[in-house]
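Features reported for this protein in TrEMBL:
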type	residues	note
TRANSMEM	A:21-45	transmembrane segment
DOMAIN	A:21-252	domain 'MacB-like periplasmic core'
TRANSMEM	A:285-311	transmembrane segment
DOMAIN	A:290-412	domain 'ABC3 transporter permease C-terminal'
TRANSMEM	A:332-364	transmembrane segment
TRANSMEM	A:384-402	transmembrane segment
Amino acid sequence: MKIKLIAQIAMALLMARFKQTIVAAFGVTFSITMFITLLSFMGGLNDLLDNLILNRTPHIRLYNEVSPSSIQPISKSEAYPDAYHFIAHVKPKNELPEIRNSEAIIKALREDNNIRGVAPKNTVPIFYHVGEISLTGILDGIDVDAENRLFTFKDYVVDGNSLDLKNTPNSIILGIGAAKKLLVQVGDNIQITTSNGTQFTLKVVGFFQSGMDELDKIQSYVTLATIQKILGKPASYITDIQIKLYDITKAPELTKKYNKLFETDAIDIQTANAQFETGSSVRTLISYAVGITLLIVAGFGIYNILNMMIYEKMDSIAILKATGFSGKDVNAIFITIALTIGLVGGIVGLIFGFGLSAIIGQIPFNTASLPTVKTYPINYNTKFYLIGAVFSLITTYMAGYFQSKKASKIDPVDIIRGK
Amino acid sequence: MEEKIIEAIGISKSFHDPLTVKVLTDVSFSVNKSEFVSIVGKSGCGKSTLLYILSTMDTSYEGMLLLDGISMKTKNDKELAQVRNEKIGFVFQFHYLLNEFNNLQNVMLPGLKFGKLTSKEVEHHAYEKLKILGIENEALKYPNQLSGGQKQRVAIARALINEPLIIMGDEPTGNLDKHNSDVVFNIFKELAEEYHQTLLIVTHDLDFAKKTNRIITMQDGKIIKTELS
Ligand SMILES: Nc1ncnc2c1ncn2[C@@H]1O[C@H](COP(=O)(O)OP(=O)(O)O)[C@@H](O)[C@H]1O
Ligand SMILES: [Mg+2]
């Protein structure tokens, strides 16, 4: 009843100053529209840049670093138990960085509830040969299905089909940079040599483009079975186990656990790519700062219109107080006016913001290094809309607060005596 | 023993900007139920100041104010607002109608604030008050569509809406011509005689004052004479 009455009076005062109200509300609309658009666009851009790396990077990688034995013979001597040992003559053994017991490890990982998927991989340094040219490169043996599922491998195959790698024996998907240098087409054969001299002929079934030029000049893919054949190793030979988690934030903790449990080296994505998070958070911070500045400016608009309304409606405020409305009631009336402007302006702003970001999302954006991106990236995160709504209400409330306080303090005797 | 609706006991008031000027000195009087009392006095003698104190809008004074036997001294802002809403009807020289609302709504506002009745019932009451004042046909018009006399009658209807203990008026006919003054005076007279409404009206119109039950004369912030007519 009382709320209804206060709302009714607030609306009547609003309607009496309809044009100014619309202008003030439009200020809020404009700032919320810009706030949403800016954050959606920045968010989209951040996702794009992050995904460039993060999509292709496992959350945890298990591998075996080639390193010298940590127990050198001298430390077994009882003569110098606490002394510093200068002599370290046992060098790393001539063996490939195989993860021992890989089949058991993969089996155990697949049963872990934290893990979304496991993709085993072999990485081998090679030379590509076509005619007289030979280039250094890196050849990865992959499980095509697991790579597609976890690392959207197929999105990066720009010519040919990722599945051809699985279906064609002795086939290779060549990095697009390497392919250009080697002057090969899909369907051609190329020769490769491993570091210990084994030669092998592979059929090119596709090109791979990651978006990072340096990588595309050296990186190529074959299946696990093919690489094991090239190296003459059994099917259990694995150099890398890539893990994707459901929750990326658990990576550092699980990395430590696997490191102990499986006695392999392990690295988490946060350690491997620390710089990316910093970049995104700075960009996000700037967007928020600009958005909130816009909102504060809109707040001044509301502050102004309330100031004017109170000045004009002194008489009305005086008579309301004389006939039994308390200071609190008057306060509530002007707060209601402010919040109405904020709410209406804010809702329209959210809709416009959605519209504007959707329009930007339609603008073509083509870049050679990002084959999967066709239009400007937009992140339609509901979080932005929530924050926009909350901030529009907070700023309008703040703008209304001081003015309403002023209105509630008006002494009716002063006004009535003045007449 | 008559029932005292309002009682002032030794009320004094000074203004302090920048010099201290004593405007009211030890004013004591009371108004009984169903009485029609007028206050007269030269301009500047403190009539309005007294009325603002009696209406609880001005709280900085010395002395005691009893309304319906209850002291107003200890009440806070909100409680005083409630007293004004429920127990006092005020009519000023200026009508103070809200142009955003029609006349009926203007009359209803204090009733809606009271919140004792549903808005339908308040509306019904408001119509009745407008009928008493002979302006029910103007109910759905807006204040700026009325003449000065009509506006003042709407303001009186607004003062009546919550059936207050007392109606106070500060020169309610001050802005009106002779004809409209007479109309307004007759309304007050009718309220006093037919509805036993208690009234306390400040005026400088002696003809007006002579027709009331009792005249209180003020001079330099003091009551100098009280006469029954
Ligand atoms: N706010 C104020 N500050 C100082 N003096 C005031 C103020 N209001 C009224 N006065 C003085 O108080 C006296 C009484 O004023 P008022 O009650 O309005 O007289 P009346 O209504 O009888 O004409 C006047 O002399 C006036 O100048
Ligand atoms: Mg006066």
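From the backbone N, Cα and C atoms, a Cβ is placed for every residue, glycine too.
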Within the same chain, where does the transmembrane segment (A:285-311) have neighbours whose Cβ lies under 8 angstroms from its own Cβ atoms, ignoring anything closer than 6 residues to its ends? I mean 6 or more beyond.
13, 17, 20-21, 23-24, 27-28, 30-32, 34-35, 38-39, 42, 317, 334, 337-338, 341-342, 345, 388, 391-392, 395-396, 398-400, 402-404, 406-407, 410
How does the model score the domain 'ABC3 transporter permease C-terminal' (A:290-412) in terms of mean pLDDT?
88
Taking residues 6+ outside the transmembrane segment (A:384-402), which of them lie with a CB under 8 Å of any CB in it?
28, 31-32, 35-36, 39-40, 43, 291-292, 295-296, 298-303, 306, 334-335, 337-339, 341-343, 345-347, 349-350, 353-354
What counts of helix, strand and coil residues does DSSP assign across the domain 'ABC3 transporter permease C-terminal' (A:290-412)?
94 helix, 2 strand, 27 coil
